[in-house]
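Asks: Okay, handing you the structure first.
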Amino acid sequence: MSKEDIEGTNILDEPVHGIYIPAALFVVGVAITTYMSGELKILWSLPILFMIIFVRAYSAYKRRRSLYPDRWTSLELEDQTIISKNTALYRFKLKTRLESLDIPAGHHVAVRVPIDGKQEVRYYNPISSKLESGYLDLVVKAYVDGKVSKYFAGLNSGDTVDFKGPIGTLNYEPNSSKHLGIVAGGSGITPVLQILNEIITVPEDLTKVSLLYANETENDILLKDELDEMAEKYPHFQVHYVVHYPSDRWTGDVGYITKDQMNRYLPEYSEDNRLLICGPDGMNNLALQYAKELGWKVNSTRSSGDDQVFVF
């Protein structure tokens, strides 16, 4: 075990020190005591020992972690699913089928892949719910000049990718805001989905959420079925779509995000409300400008965890 593995680790959480050595010492002690005393009743303590070993071993198995914020670990690709013409969902196996990702809402993971002899690092937001176990789901959109997204597109089941995390600064607490407004664009929906899963899986969280989601075309709207299902099941959540190039069948808003749409669909400024923005830089800057004009207090520097207007 490396030094970084040992640091911050309780030595008794390691199977050798917390299970095998104590169990062996106990068995030897029982054998010696039984031999010297002739009391066979002492052997009845062995089933209790085996129960303790089982509980400790099961706990150690569940404690195995797949992600660390300070070092890389390799995860195996289980499968991939195409969800749009240039986007796919990649499912990676965690170390055990019992493990659930404990990633704070709105935080991301770092991904490292080898390309042309160099290690390229990118950041993605897992969309796996805390209630799901055994896997990590990433949505990756392929870009014409995207080296890492092209690398992902070439992966096959059984291939491995290096991960590190969680990483991020957003702070979210249940019921910390009465009304949460969100502006998202393209693949910027992934951290939003994390937050939505965090809210709707906690019955006590009564935060109202309004989402304004922009894309180039209807086919570019990622995870639309999931978002529509959430909006149907949870009365506190509303979603509004905007597309730049609509089809003849489109009945929603058209164009780019506007100040009027933000004013119409999202909460107004209040100390009890909050605004999150996640998308391409151009959209983020435009949404920030509109937020200022609508009275929101915008931090002039990089967003920090508790900012009322937070840009991912």
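Just so it is clear, glycine is given a Cβ too, placed from its N, Cα and C backbone atoms.
Annotation source Swiss-Prot lists FAD binding site at 153-168, 179-211, citing similarity to another entry. What Swiss-Prot lists as domain 'FAD-binding FR-type' is 70-173. The topological domain 'Extracellular' annotation in Swiss-Prot covers 1-15, 61-179 and is backed by sequence analysis. If you look up Swiss-Prot, you'll see 201-312 marked as topological domain 'Cytoplasmic', on the strength of sequence analysis. Annotated transmembrane segment per Swiss-Prot: 16-36, 40-60, 180-200, in sequence order.
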Asks: What is the number of residues in the domain 'FAD-binding FR-type' (70-173) that are helix, strand and coil, as DSSP sees it?
Replies: 7 helix, 50 strand, 47 coil
Asks: Report the DSSP secondary-structure composition of the topological domain 'Cytoplasmic' (201-312) as helix, strand and coil residue counts.
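Replies: Summed by class, the stretch gives 33 helix, 26 strand, 53 coil.
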Asks: Within 10 Å of the Cβ of ASP205 (FAD binding site), how many other Cβ atoms are there?
Replies: 16
Asks: Using Cβ atoms only, which residues of the same chain lie under 8 Å from GLU198 (FAD binding site) while being at least 6 residues apart in sequence?
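Replies: When sequence neighbours closer than 6 are ignored, GLU198 (FAD binding site) has ALA105, LYS130, TYR172, ASP205 within Cβ distance under 8 Å.
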Asks: For the binding-site residues ALA153, ILE167, ALA184, which Cβ has the most other Cβ atoms within 10 Å, all shown protein chains included?
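Replies: By the 10 Å Cβ neighbour count, ALA184 comes out on top.
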Asks: Given the binding-site residues THR160, PRO191, which one has the fewest other C-beta atoms within 10 angstroms of its C-beta?
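Replies: So among THR160, PRO191, the binding-site residues given, the one with the fewest Cβ atoms within 10 Å is THR160.
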